[in-house]
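What follows is a single structure, written as structure tokens, with notes after it.
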Amino acid sequence: MKTKTAAAATCLVALLVVVLAEAAGVGGTTVTYNDRSLVIDGERRIIISGSIHYPRSTPEMWPDLIKKAKEGGLDAIETYVFWNGHEPHRRQYNFVGNYDIVRFFKEIQNAGLYAILRIGPYICGEWNYGGLPAWLRDIPGMQFRLHNAPFENEMEIFTTLIVNKMKDANMFAGQGGPIILAQIENEYGNIMGQLNNNQSASEYIHWCADMANKQNVGVPWIMCQQDSDVPHNVVNTCNGFYCHDWFPNRTGIPKIWTENWTGWFKAWDKPDFHRSAEDIAFAVAMFFQKRGGPYITTSYDYDAPLDEYGNLRQPKYGHLKDLHSVIKSIEKILVHGEYVDTNYSDKVTVTKYTLDSTSACFINNRNDNMDVNVTLDGTTHLLPAWSVSILPDCKTVAFNSAKIKAQTTVMVNKAKMVEKEPESLKWSWMRENLTPFMTDEKGSYRKNELLEQIVTSTDQSDYLWYRTSINHKGEASYTLFVNTTGHELYAFVNGMLVGQNHSPNGHFVFQLESPAKLHDGKNYISLLSATIGLKNYGPLFEKMPAGIVGGPVKLIDNNGKGIDLSNSSWSYKAGLAGEYRQIHLDKPGCTWDNNNGTVPINKPFTWYKTTFQAPAGEDTVVVDLLGLNKGVAWVNGNNLGRYWPSYTAAEMGGCHHCDYRGVFQAEGDGQKCLTGCGEPSQRFYHVPRSFLKNGEPNTVILFEEAGGDPSHVSFRTVAAGSVCASAEVGDTITLSCGQHSKTISAINVTSFGVARGQCGAYKGGCESKAAYKAFTEACLGKESCTVQITNAVTGSGCLSNVLTVQASC
């Protein structure tokens, strides 16, 4: 079964800064550029944008995600285009459901936002094959992302298809639509030098640009991470954690930051990466300081300001919203003004923008362990380490990247509340029918060699059976040895499961050694190879094999002598019987057993089914799959994705400290701000409300591949549990329990000075009864509240003028 198109929502919305026009409206819009900005209808503008990948959420979620993005100060939404989702089989297209790309762009337009169409069609995106269809490999002479007719023909056909769909729907700016930029290829410059064919790579990237421009879309084309050999008819852009020191390859084009990574992707064996709101704001403020801000920057990736469920991730969302607001307030001077840099000391710089009689200033402290005082026009400003202050009038600090005023929200998982429903789920079960695969008969075809899995299965299933037989005289014991390029392998001898193994930590070449008893006569060996997604990045990634390609496969006796089966007659069959029967759709004709309430546990290749009532309310619904091992989950026939809660995240030093100061990095030494070490890599899976039926049973089906215990599975809701905020005397504190009419139920802490612990478990310092009274009166029973911090609410004898408040929702 394939899970690459699983509908579990992953919203990647975050910060992005660009120079554009006002909200997209009726009538054609011209989009050009110069060395300072994009120019829309002759006017320079700054626009804030972010990324939402339409296949990673449901169409019903799109309006709310886009609305929250806009409320966070964004003016544009960008997305990749997912080729293998739209064309899973050659010339068989999919533009429905969460692949209805035109509907997605219309939702953006309806919200009054701009859009950026990143066709690629190679996208990376932590997506199978980087979005390229596996069937491309079946075409003779095919070489991915090099100058060759087979690849370029297919790429042009798909690119033209997408462009024409957008033209037919009047989605480009010149047609009155929201799309103001389009992208061709993606991060090709990162791998060009590793392809061992510089001429072909150069010819290919120039062909891409020429092909794109022939589409006549009426908006500029961009290329990400193309720092050398840049075609003259595209704008090259920057991706990364920091882009303030990056510049385009030539004059006359604007400096564009297409991906500002707000975190990092999650792997099965890795903890969660968190990039602090302070560091993201620091990077963006430096980017504006360096060249004035008429540019595009896209925040992309995980730990984003909207989480995978579409909830606000605070304080990141609020802190960046505050930054967006300040940048907008000095928009005109940034895009038209002249600027001067002044170095005050090592790693401390002041940049002053001037336009007519107005000015705006940035003060930058790049020291990662030292606060500094900077005197500007007679006023001294304290600047924390690793921060930027923005002074819209060069006098008053309106924003400092290290000082967060936005609230922190702690989301909690709550047991679902459904009246009259038993607490535990009642499961029935069915064993996967392995019998047809336990002999080497009835395969799709035979070969006297061990084939590569992706080519053989065309990526239509995670599973491929390799089956052979051997005639043996008498009984004997052997060790079955299999060398495989993974990602996972199960071995059966004469119908009995004798061993299982998977690749450790992404090192896909591994061995399986299992005891094997042969009887007199014909013996059958069945090997089930499983993939867990396909490589999406790097040079020639399509040539990375999967499965038992080449082997060897041997039977080794007690004396070390081997019988090499690698060139035996192997029968091949992709998929499992349950896939062909579509058990996950719960069709009539499937016989489920409840065994009088006793459910088998820790049995590999078992299907489980239960029903549940949708949790009341509108909060996010998740299913907790703790207790299971490895498999796939569906709700009402909708794929939630692969699960593997038995795979725990490694212990890493970064799990034990988090300091926003200093360079953030996701790879190599120096990782920090990690959580979840030693815990399941993922145990909670989003169940979009649109998947659920209210007032009637909902069906969940699990395919447990490795053997687990479903008795611990439960459905829960996710909502704000605690909210916290800090502010100095003279400022205000705003608290909110978020959406769905959640109200503030208690004020837990009102403390001046440093509160100990973390939000949700703060221990107060110097408690203020006056502050407690003020927040109780203003906030209890309210969805949100704002309180001015005055001297009247300071605690008696409290030395600090910073108040920390914690409330329960």
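For all residues, glycine too, the Cβ spot is worked out from N, Cα and C.
Reduced to three states, the DSSP call for Glu259 (active site, nucleophile) is strand. Around Glu259 (active site, nucleophile), taking its Cβ as the centre, 26 other Cβ atoms fall within 10 Å, counting all chains. The active site, nucleophile annotation in Swiss-Prot covers Glu259.
Annotation comment: Swiss-Prot describes 727-809 as domain 'SUEL-type lectin', evidence class sequence analysis. Summarising model confidence by region, the domain 'SUEL-type lectin' (727-809) averages a pLDDT of 89.
DSSP assigns Asn198 (N-linked glycosylation site) to a helix. Annotation source Swiss-Prot lists N-linked glycosylation site at Asn198 (among others).
What Swiss-Prot lists as N-linked glycosylation site is Asn249 (among others). Listed in sequence order, Asp227, Ser228, Val230, Asn236 are the same-chain residues six or more apart from Asn249 (N-linked glycosylation site) with CB atoms under 8 A from its CB.
Look at Swiss-Prot and you will find Asn260 (among others) tagged as N-linked glycosylation site. Residue environment of Asn260 (N-linked glycosylation site) contains 27 other Cβ atoms, counted within 10 Å of its Cβ in all protein chains.
What Swiss-Prot lists as N-linked glycosylation site is Asn343 (among others). Taking the Cβ of Asn343 (N-linked glycosylation site) as centre and 10 Å as the limit, one finds 10 other Cβ atoms among all the protein chains shown.
Per Swiss-Prot, the feature N-linked glycosylation site maps to Asn373 (among others); the stated evidence is sequence analysis. Using a 10 Å radius centred on the Cβ of Asn373 (N-linked glycosylation site) and all shown protein chains, the other Cβ atoms total 10.
Residues annotated as N-linked glycosylation site in Swiss-Prot: Asn483 (among others). A strand conformation is recorded for Asn483 (N-linked glycosylation site) in the three-state DSSP classification. Taking a C-beta cut-off of under 8 angstroms and a sequence separation of 6 or more, Asn483 (N-linked glycosylation site) has the following same-chain neighbours: Val509, Phe510, Gln511, Ile548, Gly550, Gly551, Pro552, Val553.
According to Swiss-Prot, the feature N-linked glycosylation site maps to Asn567 (among others), an assignment based on sequence analysis. Same-chain residues at least 6 positions away in sequence with a Cβ under 8 Å from that of Asn567 (N-linked glycosylation site) are, in sequence order, Asn448, Glu449.
Residues or ranges marked as N-linked glycosylation site by Swiss-Prot: Asn596 (among others). If you take the C-beta of Asn596 (N-linked glycosylation site) and look for same-chain residues 6 or more apart in sequence within under 8 angstroms, you find none.
Here Swiss-Prot flags Asn748 (among others) as N-linked glycosylation site. In sequence order, Ser722, Tyr762, Gln806, Ala807, Ser808 make up the list of same-chain residues 6 or more apart from Asn748 (N-linked glycosylation site) whose Cβ falls under 8 Å from its Cβ.
Taken from Swiss-Prot, the feature signal peptide covers 1-23.
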Checklist entry - Taking the Cβ of Asn198 (N-linked glycosylation site) as the centre, how many other Cβ atoms fall within a 10 Å radius? => result 11
Checklist entry - Which one is closest to Asn260 (N-linked glycosylation site) in space, judged by CA to CA distance, out of the glycosylation sites Asn198, Asn343, Asn373? => result Asn343
Item to check | Candidate recorded positions Asn198, Glu259, Asn343, pick with smallest Cα gap to Asn373 (N-linked glycosylation site) | outcome: Asn343
Checklist entry - Could you count the residues of the domain 'SUEL-type lectin' (727-809) that DSSP puts in helix, in strand and in coil? => result 14 helix, 32 strand, 37 coil
Checklist entry - Could you give the Cα-Cα distance between Asn343 (N-linked glycosylation site) and Glu259 (active site, nucleophile), in whole Å? => result 29
